[in-house]
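Some notes on the structure that comes next.
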Amino acid sequence: MTKACIEYFALSCPYDMIQFDDHSILDHGQASPDSEANGSSLSEKKVTVVFVLGECLVPVYSLTSVNNQSWFMGYFLAQLILCSMSKILTDNIVSKELVGELIVKFVLLFSLCGPGSGKGTQCTNIVEHFGYTHLSAGDLLRAEKESGSENGTMIQNMIKEGKIVPSEVTIKLLQRAMQANNNDKFLIDGFPRNEENRAAFESVTRIEPEFVLFFDCSEEVMERRLLGRNQGRADDNIDTIRKRFKVYMESTLPVIEYYNSKGKVRKIDAEKPVEEVFEAVKSVFTPLHEKVKHRSNAPWNISRYRDRWFLWRIKSRQVVYQCCCLGVATLPEISNQI
Ligand SMILES: Nc1ncnc2c1ncn2[C@@H]1O[C@H](COP(=O)(O)OP(=O)(O)OP(=O)(O)O)[C@@H](O)[C@H]1O
Ligand SMILES: O=c1ccn([C@@H]2O[C@H](COP(=O)(O)O)[C@@H](O)[C@H]2O)c(=O)[nH]1
């Protein structure tokens with residue numbers, strides 16, 4: 001989550017310093033069956049709010065000293081996004097260290113490998129073993145084409161030619177799929193396909209991958225696997241396969257090199273049998289899995305502040321909270337649910 005960021009500021013403020021648009025939070029508190037949730041006890045509590053400052057202000061909140069209730073946290077955060085940020089920012093900058101363990105990262109992994117290297121096969125294993133949500137950009141595009149979308153013909157032509165679909169189309173599909181899913185661990189397969197995809201995704205979502213899986217496999221082996229796949233895909237023919245290899249070498253390899261220069265690439269020998277490849281995958285995932293397994297299984301919520309969508313979730317008592325800016329979006333289809 002927001003790993004591309006930039007700077008953290010933790011602000012401690014008494015609850016009553018925060019100006020809400022209305023007082024319904026207190027009304028809510030009085031209505032709560034939980035005695036700690038009444039208005040007077042809330043006003044005595046202290047809240048630490050963490051902001052991430054970037055190109056735009058992306059709020060990330062973590063709460064300390066709050067004996068919170070889940071309804072309160074949810075309502076508080078929704079209100080806080082809507083309230084005047086400037087009022088809070090002018091007060092009480094405490095320390096950057098406070099952030100520490102309290103910010104729980106939104107885990108994102110990319111699997112970026114040649115066509116036919118076996119990334120789809122391994123992603124299925126990773127989902128079963130480590131509980132990630134697997135989003136295959138290619139599958140999302142194929143489903144979009146099948147749905148009769150206005151982009152259907154364009155997508156079909158691009159896939160047939162092995163070309164890369166414009167970033168805005170693919171990113172919108174990925175964002176929608178992430179928003180529709182409660183998981184906090186996503187494995188995005190076959191994306192970003194080129195530098196433009198990568199830069200657009202990071203700029204829109206402000207999310208960077210934790211690491212990038214790279215399945216090393218020769219063209220000869222990949223070609224043999226694709227020709228033997230037998231799933232009726234329009235691009236599993238020798239002409240399209242060769243075009244895909246060319247696009248991969250010219251456009252996708254530079255993305256892998258970019259992530260490699262940032263120390264994020266985990267290279268795996270993908271020419272071995274499926275089970276052996278998965279053993280290597282497991283050794284890459286296990287340390288990360290250990291690190292994040294304490295994370296909350298609370299459901300994700302979504303809300304919008306101005307033109308930005310925020311994905312957030314709360315776990316009360318143990319102070320687990322995550323917030324992720326999903327970027328500028330007009331998503332009228334979900335606005336009614338908020
Ligand atoms: N390690 C392996 N050894 C032998 N065959 C494999 C291995 N991994 C995958 N395959 C087979 O190779 C074919 C391609 O695998 P898969 O669909 O996982 O590739 P992919 O990288 O996701 O391809 P694409 O980019 O075209 O979606 C499948 O038929 C799969 O069963
Ligand atoms: O981010 C993406 C992912 C895929 N495409 C197009 O889809 C095909 C098939 O992708 P697979 O990952 O192999 O299933 C690919 O050749 C591209 O044409 C895309 O444009 N952008």
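The backbone N, Cα and C atoms fix where each Cβ goes, glycine too.
Whatever TrEMBL says is automated annotation, not expert-curated.
When the candidates Lys163, Lys185, Lys272 are compared with the ATP site entry in TrEMBL, which names Gly116, Ser117, Gly118, Lys119, Gly120, Thr121, Arg229, the shared residue is Lys272. Binding of ribonucleoside 5'-phosphate is attributed by TrEMBL to Arg142, Lys163, Ile164, Val165, Gly190, Phe191, Pro192, Arg193, Arg244, and within the candidate set Arg225, Arg233 the record adds Arg233 to that site. Take Gly116, Ser117, Gly118, Lys119, Gly120, Thr121, Arg229, Lys272, the residues named in the record as contacts for ATP: the widest Cα to Cα gap among them comes to 17 Å. Selection of the binding-site residues Gly116, Ser117, Gly118, Thr121, Arg142, Lys272 by a Cβ distance under 6 Å from ligand 2 yields an empty set. The ribonucleoside 5'-phosphate site in the record is lined by Arg142, Lys163, Ile164, Val165, Gly190, Phe191, Pro192, Arg193, Arg233, Arg244, and its two most distant CA atoms lie 21 Å apart. Checking each of the binding-site residues Arg142, Ile164, Gly190, Pro192, Arg233 against Lys272 (ATP binding site) by C-alpha distance, the shortest gap belongs to Gly190. Distance between Cα atoms for Thr121 (ATP binding site) and Asn197 (CMP binding site): 23 Å, as a whole number. In the three-state DSSP scheme, Arg142 (ribonucleoside 5'-phosphate binding site) falls into the helix class. Shown are the binding-site residues Gly118, Gly190, Pro192; the one with the most C-beta atoms within 10 angstroms of its own C-beta is Pro192.
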